[in-house]
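Student: Have a look at this one before I ask anything.
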Amino acid sequence: MRDIYKLKRIVPVFIFILPAVSLVIIFVYIFSGWSAWASLTNWRGIGHFGEFAGLNNYIKLFTQDPIFKQCLINTIELALVFIGITIPLGLVIAILLDLGIKGKSIFRAVYLLPLSFSFVVSAAIWTWMFAPTNGAINTLLRILNLDVLTQPWITSTKQSLFCIALVYIWQFQVFATLVYYAGISGVSPNLSEAAQIDGASTFQKYWYIIVPLQKPATLTVLTILLMYTLRVFDLVWLMTGGGPGYSSEVLATYMYRVTFNQNLFAYGASIGFFMFVLSILIIIPFFSTVMRRSK
Amino acid sequence: MQKKFIGIALTICIFLFAGLVGLANSSSKLIIYHWWTAGGEKEAIDSVFNKFNQKYPDIEIVENPIAGGGGGIMRAQIKTMIMAGQSPDTFQLTYGTGMIGSFAEVLDPIDDLWKDFPVPAMVKKMGTIKNHQYGIPLNIMRNNCLWYNKAIIDKLGIAMPLETLYDFYIACEKVKNAGYIPYAVGAGGGQKFWWVHIAEQFLLGLPHGGPEYITKLYGGKADPANDPAIRELLEALRRLVVNKYINSDYAALTWDQAADLLMTNKAAFYQMGDWAKGHFTSAGWKPKVDFDYQPSPGTSGYFTLHLDCFVLPKGAPHRDAAIKWLKFLKTVEAETAFCPIKGATPPRLDAPIDMYDAISKDILNSFRNPKTKIVQSAWAQPPEAWLDVYGDMLSAFVIDPDVEKGVKDFASAYKRVFGFK
């Protein structure tokens with residue numbers, strides 16, 4: 001009797017989650033498996049799948065492809081700049097919002113705006129801003145007689161990746177702020193009141209109580225941003241196309257070009273599968289922490 | 001009463017749904033993909049669509065223009081569609097052994113459509129894969145064109161045409177000293193492949209280069225690590241960069257934005273195929289008055305070309321409409337609707353030439369001159385990967401123009417295009 005009751009409760013749950021789970025299984029795991037299999041072949045060009053070639057593509061990737069190494073380094077650099085700035089910035093702005101700065105509602109509206117832009121729009125805006133000859137930034141600097149500060153921006157091998165990181169920061173700090181703001185809002189007011197009674201200043205209250213309590217929020221933001229950085233494609237593709245040279249080429253753009261422009265489908269699949277493994281490695285600590293907490 | 005109402009509503013819904021499905025699968029559609037979106041080319045293909053619609057008013061053209069990458073973005077899209085079993089009815093490709101060869105397995109041969117199509121034998125040959133034809137070429141493009149701003153050139157008293165690369169560098173120096181950009185380049189926004197185009201025209205005019213070497217190189221039979229032509233090419237590109245003959249923001253501009261540097265009197269020369277003429281004229285510039293052209297220095301008597309064609313993919317959902325489209329494209333009417341606006345040359349030998357401007361007539365006469373040596377461009381002869389691999393390699397070279405390293409990189413890129421195992 002109890003079993004039938006249990007079954008009656010479980011079956012609808014399974015029915016409800018079945019569509020979502022099926023889609024994830026088909027489009028994530030089956031296709032990732034298929035991609036892993038493709039990476040072990042010599043598939044080139046459309047029309048024929050190729051034959052089994054063992055780990056040949058991976059050996060080539062890690063030992064004979066300097067562009068891949070450059071892309072990996074660029075991806076790591078992009079992650080460091082992007083995440084290294086986005087997280088502290090998001091936290092600081094969330095604290096400012098929590099402090100109730102003047103004109104908070106206007107600030108919030110203006111501040112949230114970048115989140116509503118698609119990457120295509122952002123890329124168009126910032127490409128125009130960064131244009132070295134008649135872009136907005138350099139033009140403004142010239143108007144202010146600060147010609148010495150004008151930069152080549154996206155046309156420089158040394159600055160192109162940084163420019164792209166800056167646009168990602170501009171767009172994603174909103175997300176970081178929202179997560180932190182939710183985290184800060186969730187801190188029990190009793191803790192703040194207790195700190196105030198003990199004579200803690202506002203800075204001390206945030207530094208010793210509220211910020212340390214944001215570890216789960218930080219972990220969430222860090223994991224999501226890290227995973228996003230791994231598959232960064234849109235802004236790189238639209239703003240620089242990976243150039244000049246290979247200076248802003250990242251793993252995802254390289255995978256795309258190798259697969260679709262060079263018709264090396266199996267080789268592209270090996271880059272894709274490598275990215276998949278990296279994503280798994282990033283997400284494991286997140287899940288293990290979440291699981292530990294839930295226990 | 002309520003049951004009756006629901007029954008009627010359901011019947012209507014079923015009929016509507018069936019009607020919509022029927023409409024979606026009707027043969028009165030033509031799903032077409034192309035990459036003509038810039039000034040001149042957009043107007044040109046629209047003109048062909050209009051003519052086609054006049055002839056076949058029952059066929060609705062579902063146009064999908066995808067800009068970017070010299071067609072690379074559109075080709076990538078097409079590949080995913082074909083692999084997913086969602087072939088369009090027809091799509092644009094550059095016409096040549098390498099490019100069509102990259103797609104031949106997923107295309108249907110159209111040998112029958114090639115009957116009574118009076119194009120030069122060489123054109124037919126360059127699109128023949130294993131004795132079959134796969135595309136109907138609509139226009140011929142000359143690649144080795146050096147465009148110039150007449151006002152600047154006249155003002156500086158530079159005698160045109162420039163016969164050799166040596167003359168070209170002297171002219172560049174003069175232009176630079178006068179405060180203009182000598183040579184406009186736009187290889188930004190994912191268009192690194194324009195370095196391939198520039199390199200090709202340099203290679204054609206170099207002592208160890210020329211048509212035979214380019215054909216050998218694109219055919220996978222060269223030895224770039226030891227061929228003197230490659231060293232000469234990299235030296236020539238190095239000279240261009242080191243002497244600052246190109247605009248410093250080349251990595252932020254697309255090809256049409258670089259062409260605009262001529263129109264805004266900022267740059268004197270611009271290396272681009274004859275499609276640049278369509279861009280100039282669509283913006284109101286007058287041929288021979290505001291701008292003019294010459295074959296790229298050292299390439300007089302040569303004609304680097306590629307053609308645009310449309311193909312018939314296997315499994316095209318509206319095959320009859322696609323065949324009508326391809327049949328229409330091979331007519332004088334279609335070529336005449338398209339080529340004068342785009343600034344291109346009609347492939348048909350019987351296409352009239354009186355409606356073309358002086359520059360197009362000159363290009364056309366050069367093409368039809370039996371003494372002209374025709375060379376397939378990087379868009380036509382080598383495998384599709386050439387554009388991407390060498391776009392990367394050359395764009396990296398111009399940042400760090402070390403010739404020794406460049407030769408090694410060139411040879412390694414060659415291996416990737418022809419010897420990737």
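Quick reminder: no glycine exception, Cβ is built from N, Cα and C everywhere.
Found this in TrEMBL, in case it helps:
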- A:12-34: transmembrane segment (TRANSMEM)
- A:72-286: domain 'ABC transmembrane type-1' (DOMAIN)
- A:78-97: transmembrane segment (TRANSMEM)
- A:109-131: transmembrane segment (TRANSMEM)
- A:159-182: transmembrane segment (TRANSMEM)
- A:217-239: transmembrane segment (TRANSMEM)
- A:264-287: transmembrane segment (TRANSMEM)
Student: I'm a bit unsure how to read this: which one of A:78-97, A:109-131, A:159-182, A:217-239 has the highest number of Cβ pairs shorter than 8 Å with the transmembrane segment (A:264-287)?
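Tutor: Counting Cβ pairs under 8 Å, the winner is A:217-239.
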Student: Please identify the stretch among A:12-34, A:78-97, A:217-239 with the greatest number of Cβ pairs below 8 Å relative to the transmembrane segment (A:109-131).
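Tutor: Looking only at A:12-34, A:78-97, A:217-239, the most contacts with the transmembrane segment (A:109-131) come from A:217-239.
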Student: Need a quick answer: max count of Cβ pairs under 8 Å to the transmembrane segment (A:159-182), which of A:12-34, A:78-97, A:217-239 is it?
Tutor: A:78-97
